[in-house]
Amino acid sequence: MRYMILGLLALAAVCSAAKKVEFKEPACNVTFKSEANECTTLIKCTTEHEKLIIRHKDKIGKYAVYAIWQPGDTNDYNVTVFQGENRKTFMYKFPFYEMCDITMYMSKQYKLWPPQKCLENTGTFCSTALLITALALVCTLLYLKYKSRRSFIDEKKMP
């Protein structure tokens with residue numbers, strides 16, 4: 001009788017352990033961009049589980065969240081992973097302030113692309129390219145013209 005009770009307890013323990021779901025931590029990627037003098041962030045996450053939800057500031061999204069970061073905003077975001085009826089929340093901290101500071105500094109430092117005055121920059125580029133092409137064409141034609149004359153004169157001089 002004692003072995004029968006131990007067997008039932010062991011079977012119950014195995015069954016309860018089989019129901020437990022193991023959650024793998026989602027892989028998240030945070031990118032930054034400077035748009036209209038604001039630092040925008042994009043958080044993308046992938047997982048092997050059925051579904052996930054990302055929460056950052058007041059934004060909620062499935063697999064991705066796009067938000068505008070401003071000084072004073074929180075550095076936290078969380079990802080909730082679902083598997084059947086079970087779920088688990090992973091908490092993350094990210095240095096948004098430092099990354100946005102670098103992103104904004106670099107965008108102000110190097111105003112090379114995209115052009116701010118598109119028409120002027122494009123017109124200048126096209127004019128310069130046309131001038132260089134014309135100069136190269138004139139030089140090539142002059143070289144060919146005088147080279148053929150020299151070779152013709154050299155042929156006449158030969159006995």
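Every residue gets a Cβ built from N, Cα and C, even glycine.
Computed from a predicted structure; not experimentally measured.
When Swiss-Prot is consulted, the disulfide partner of Cys28, picked from Cys15, Cys39, Cys45, turns out to be Cys45. For Cys100, the partner cysteine in a disulfide bond according to Swiss-Prot, taken from Cys15, Cys39, is Cys39. Taken through DSSP, the topological domain 'Lumenal' (18-123) splits into 22 helix, 50 strand, 34 coil.
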